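The domain 'Myotubularin phosphatase' annotation in TrEMBL covers 163-537. If you look up TrEMBL, you'll see Asn313, Ile314, Cys374, Ser375, Asp376, Gly377, Trp378, Asp379, Arg380 marked as substrate binding site. Feature annotation from TrEMBL assigns domain 'Tyrosine specific protein phosphatases' to 344-390. Taken from TrEMBL, the feature active site, phosphocysteine intermediate covers Cys374. Annotation source TrEMBL lists region 'Disordered' at 580-610. The compositional bias 'Low complexity' annotation in TrEMBL covers 586-595.
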Amino acid sequence: MASAPLPVYNSNSLDISSCKNVSRESLRMELLTDAPLLPGEERVIDKDIIYICPFSGAIKGRVLISNYRLFFRNVDADPAVTLEVPLGAISRVEKMGGASSRGENSYGLDITCKDMRNLRFALKQEGHSRRDIFDILFRYAFPLSHGLQLFAFLSQEKFPENGWNVYNPMQEFRRQGLPNDQWRVTFLNSTYELCDTYPSILVVPYTASDEDLRRVATFRSRSRISVLSWIHPENQAVITRCSQPLVGMGGKRNRDDERYLELIRATNRTTSKLTIFDARPNVNAVANKATGGGYEGEDAYQNAELVFLDIQNIHVMRESLKKLKDIVFPNVEESHWLSSLESTHWLEHIKLVLSGAIQVADRISSGSSVVVHCSDGWDRTAQLSSLAMLMLDGYYRTLRGFQVLLEKEWLSFGHKFASRIGHGDKNHADADRSPIFLQFVDCVWQMTKQFPTAFQFNEHFLVTLLDHLYSCRFGTFLFNCESMREASEVKKKTVSLWSFINSEPSSYSNPFFTVDLSHVLYPVASMRHLELWVSYYIRWNPRIRQQQSPMEQRYKELLALKEQYLKKLEELQLSDRAPQVFPRGPHLSNSASPSPSSPPPRVTRLQTPF
């Protein structure tokens with residue numbers, strides 16, 4: 001890994017020329033000029049400060065805090081150093097040192113971020129100089145803890161496309177060929193009375209009545225019954241998702257639930273068995289009986305096969321990411337890198353999630369219908385169902401299709417984004433925090449590395465997705481479920497992330513993409529083929545910077561050249577079709593019409609092949 005010069009420390013690449021020997025007031029004006037505010041963004045405070053850069057030491061500069069971001073720029077160093085952090089990406093703000101602290105730059109602020117970096121700023125110790133900036137930063141980084149609105153509700157950004165129209169559940173079900181003679185659409189949950197964390201529109205077996213669904217809901221955790229996510233267009237095998245059954249220590253049974261899963265099995269005439277994929281380790285599923293949960297016993301569900309996938313819970317994943325952050329930021333220890341990475345178990349978890357999704361996709365391809373669940377059906381279940389659908393259905397590998405996939409399997413089915421990310425909440429130690437969605441995106445990235453021509457979107461799209469998972473600039477990932485977004489009028493009061501993405505799709509497009517929507521992808525889920533996503537997890541380290549592939553850069557240049565030639569060709573064709581007007585000369589003034597014996601004018605048509 002080659003070293004690199006000190007970069008600009010922000011993800012949006014603001015080019016700022018260094019300026020020396022200028023007045024303090026002009027520096028302030030330059031800072032505000034270099035940090036353009038978004039519509040609806042307001043400056044709160046700017047202040048002289050020292051940024052303790054982990055790579056190049058103390059850097060004097062000025063910090064601007066708005067109601068959306070923290071922006072720092074150095075004032076006297078060359079090259080220019082800028083730092084930009086959306087306040088939503090801040091997990092914790094702490095005071096460093098005290099009024100009596102000794103040592104240079106020992107008094108200031110420590111900021112822990114959700115995007116794999118930490119920041120440290122130093123201030124003068126006289127006169128409680130950090131009090132105002134600490135109070136303001138703490139207030140605006142955690143607005144919900146202080147009775148304020150998230151920035152998404154204050155933003156006034158406008159885009160040519162309304163991203164809230166990307167996903168329409170009925171259109172997506174019709175694309176899959178639903179409803180049909182085996183599956184029907186029910187609006188039983190239109191007011192979220194059946195299950196408040198499920199979408200309002202559900203697809204269930206045709207022969208299951210609404211009353212059947214109500215009875216089944218009493219036996220599933222959080223009333224999350226098994227409903228259809230995806231149907232194979234040829235063999236009619238289906239992916240359905242739900243939560244764990246409420247078996248408990250007494251081994252309770254529910255005839256309605258057993259009959260309901262039998263109805264799901266019967267919709268697919270090509271198999272005699274229904275496969276139930278329980279994402280949890282077996283021991284965890286048994287332990288959940290003590291809290292009223294459990295799993296499907298084969299004596300009760302006789303036409304079903306139960307498979308445990310050994311994926312750990314949210315707490316294990318949270319600790320794994322903490323260990324990963326410790327070894328990638330601020331410094332990477334080269335001498336023990338492989339053993340340190342192995343000790344985090346991060347790639348091991350990625351492997352298990354990918355392996356589970358491959359098993360789901362394989363059963364579907366072979367004609368067997370599946371039920372996928374974990375404990376409550378909104379974390380590991382979302383990972384497995386969406387990754388399996390990504391492998392099976394090429395539509396979801398397009399830029400728009402992937403947006404539909406996220407809206408459907410993650411947002412509408414109630415992945416708890418607010419709880420897992422902690423939007424606007426100061427309680428950084430909340431046990432509900434967990435990098436479940438980050439893990440899913442990492443799995444997608446692993447697939448893009450193994451199948452570089454199969455995805456229409458590029459790595460920049462995935463990184464942008466994760467940046468705005470935390471930023472609170474858009475309303476897409478806010479709140480825990482569809483019903484809460486409806487109650488908060490998110491679609492009316494905020495802008496969708498897809499409005500932003502789809503306003504400039506070329507920035508997020510993979511130049512190597514080849515359209516093949518029917519091809520099923522089977523990634524290799526072994527430790528030998530999995531990589532650490534360096535350009536995300538270690539992107540803040542200037543000494544470990546991945547460069548763009550020369551082949552990819554050349555391909556982009558050729559695509560741009562192709563667009564130029566196509567445009568020129570279109571202009572030539574238009575001019576060729578345009579009627580030509582020939583001026584009349586004096587010698588033709590008395591001629592009413594050309595002579596019948598005169599040959600027609602010869603026109604040479606040029607065709608430009610490409």
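Numbers here mean position along the shown chain, with the first residue as 1.
Quick reminder: no glycine exception, Cβ is built from N, Cα and C everywhere.
Taking every pair among Asn313, Ile314, Cys374, Ser375, Asp376, Gly377, Trp378, Asp379, Arg380, the residues listed as contacting substrate, the largest Cα to Cα separation comes to 12 Å. Packing around Asn313 (substrate binding site) is summarised by its Cβ count: 18 other Cβ atoms lie within 10 angstroms of its Cβ, all protein chains included. Counting residues of the domain 'Tyrosine specific protein phosphatases' (344-390) by DSSP class, helix then strand then coil, yields 32 helix, 4 strand, 11 coil. Within its own chain, Arg380 (substrate binding site) has Ala279, Arg280, Leu309, Ile311, Val353, Gly356, Cys374, Ile436 as residues 6 or more apart in sequence whose C-beta sits under 8 angstroms from its own. Note: the substrate site is recorded as Asn313, Ile314, Cys374, Ser375, Asp376, Gly377, Trp378, Asp379, Arg380; in the same chain, Ala279, Thr381 also have Cβ atoms within 8 Å of that site's Cβ centroid. Counted within 10 Å of its Cβ, the other Cβ atoms near Trp378 (substrate binding site) come to 25, all protein chains included.
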